[in-house]
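Features of the protein shown, as given by TrEMBL:
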type	residues	note
DOMAIN	B:66-277	domain 'ABC transmembrane type-1'
TRANSMEM	B:12-36	transmembrane segment
TRANSMEM	B:70-91	transmembrane segment
TRANSMEM	B:103-123	transmembrane segment
TRANSMEM	B:151-175	transmembrane segment
TRANSMEM	B:196-218	transmembrane segment
TRANSMEM	B:259-281	transmembrane segment
Amino acid sequence: MARIDLKSLAHSYFPDPKTDEDYALRRMEHVWEDGGAYALLGPSGCGKTTLLNIISGLLTPSHGQVLFDGKDVTSLAPEERNIAQVFQFPVIYDTMTVYDNLAFPLRNRGIDEKRVDARVREIAGMLDLNGKLKQKARGLGADEKQTISLGRGLVRDDVSAILFDEPLTVIDPHLKWVLRRKLKEIHNKLRPTMVYVTHDQVEALTFADKVVVMYGGKVVQLGTPQELFENPAHTFVGYFIGSPGMNIMDCKIDDGAAWVDGQRIGLSNRHLEAVSKQTGKLELGIRPEFLTLETGNADKGSDGIEVNITKVEDLGQFKIATTRFGTSEIKVKLGEDEQVVGQSGILRFVPEWTKLYADSQLVA
Amino acid sequence: MNKITNNKAWFLVLPVFFIVAISAIIPLMTVVNYSVQDIFDPQTRFFVGTEWFEQVLGDSRLHDALLRQIFYTLSVLFIEIPLGIAVALTLPRKGWGVSASMVLLALPLLIPWNVVGTIWQIFGRADIGLGGYVINLMGIDYNYAQNPMDAWLTVLVMDVWHWTSLIVLLCYAGLRSIPDAYYQAAKIDGASRWAVFRFIQLPKMQSVLVIGVLLRFMDSFMIYTEPFVLTGGGPGNATTFLSQFLTRMAVGQFDLGPAAAFSLVYFLIILLVCWVFYTVVMNAGKQGEQ
Ligand SMILES: Nc1ncnc2c1ncn2[C@@H]1O[C@H](COP(=O)(O)OP(=O)(O)OP(=O)(O)O)[C@@H](O)[C@H]1O
Ligand SMILES: [Mg+2]
């Protein structure tokens, strides 16, 4: 169990990278606190696996350092770092029994058999593998094989951190849920530092205390699930977290307000102050949850926008209305008993929840 | 599920049946025919029962040839299999080296058997062959035409040179099919180089190795052309293996009856060994799988 610091870390798979595009990881400073349960979230190809392999030592970064509890381990091999990693697809030793598979990481480190036996049985118990310990691993199904891989990651109790690289991809939804609960339990009990890579925001939000979102080789935000929801630091976070994602629109600032497709959207002073220093491409974002939509001859008032309603989906607990003005399409989340009458309505933005982004970064 | 029984399907097997009959069973029956009769000409023949078999099985020259053959085949397997594995493990896994080594390795496999014999016949000569000359230069008295040990070793080295590539290529294909994640996981698990070989690489090579061992067993057990060209079975009988012996019997002495009987025994030995080996290995793999 350790705190992991990444010091001006960057990595390129090319021998002499020139542009930013050549880097799989752009220069980053990052801290994984001791005992944290982190979810690492991001689209395909954003560098999640690269980052994990650098932490575990499978890959040596082309720039920067990795520190475990302040000690520089950048040049150490994985076996010298004392770290566990579980991969996306099951890796098992075919010719060994399930028991030997689980014992393998311990035996390689010369731990005495009594201790090995105790650990193997404990982990097998947690993962419901007790009945299968004597079986050869090769005859098992993908689910069980991946559970064994997971077990090998958990069996050492002295590791600095456990890294999971989308470990539940091949597992069916129910077992996935069970295993996720198990991991969470193990974390609560033993408090190892855990980093859990996933594509799936639900998985991320249920597993982790802190979520790290990566995009294009960079960490774009670190925060609790709530922080990510309420205050996305990057348009990608807004779009990726939440269902449906944040509405993002191109906008201009003029006359003390934002203009989207010729419509005026009121802003607060906080927005205006922050945006006055910005030069990049401006975008305005708001979550579907924070918009209000009135229908049935509603009064436009001073801050309303007339919209066409193109679609209403009833999802049981709530409804999603797709609205349109000019070329912008905006989704609104409505309560289950809010009624939508007719094909048009009045849309209202709440300045408190309206976010401004310059070059995709949050401004205010 | 209800299976539909339709015996007409057997007709679909007929073409294969004819091909196999013409290519294998009928010629084999001819041999069987010869092995139980004494045939002088198509009109004059006598049924002799197991006489030829008894004669052949009691022949001490044949016992010698069989022992030589077994010893030779075992030597071939014990050298070529480990050597093949070792070479496959050291081959590059990416870059231009891959295709370069593939071409280099495939070369010996592309050379016809009798040419291989001729190459080594010349290569091993002390007067005009580079190999023989260099060995003699080092002070070793090497002459495969006179010294039985030298002849035997030359045939063995020739076979290793000719066929180890096959094992290498098979193993290499097996190794290439191992995903990177296995090696990564092994590093994380702290596995030693030996453990990686024992628990990851060897199991992945198992099925190709079975094929490799079977091919090399059958082929070396039936080796004929190369020793025929290189040494003609000599000096003395040092390199007279089973095929050579059989040919001498059938063509040289025209003892077709005993030769046919012996062919069948020969065939059964190979079939039996292959079957036992295959069954044992495959069952060992399945153990514990329920
Ligand atoms: N061995 C490699 N050689 C060259 N480029 C690589 C290599 N591995 C990854 N990359 C590149 O680095 C970038 C980041 O890859 P990485 O595998 O870390 O992404 P990821 O976030 O794990 O994606 P996924 O969700 O699909 O697993 C990608 O653009 C990828 O093409
Ligand atoms: Mg990945």
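Just so you know, glycine gets a Cβ as well, placed from its N, Cα and C.
In this chain, the transmembrane segment (B:151-175) does not touch the transmembrane segment (B:259-281); fewer than three CB pairs sit within less than 8 A of each other, excluding pairs fewer than 6 residues apart.
Long-range Cβ contacts of the transmembrane segment (B:151-175) within its own chain (Cβ-Cβ under 8 Å, at least 6 residues beyond either end) map to 72, 75-76, 79-81, 83-85, 87-89, 91, 102, 105-109, 111, 116-117, 120, 124, 144-145, 201, 204-209, 211-212, 215-216, 219-220, 223, 226-227, 230-231, 234-235, 238-239. Counting same-chain residues at least six beyond the ends of the transmembrane segment (B:196-218), those with a Cβ under 8 angstroms from any Cβ of the stretch are 73, 76-77, 80-81, 84-85, 88-89, 163, 166-167, 170-171, 173-175, 177-178, 182-183, 186, 270, 273-274, 277-278, 281-282, 285.
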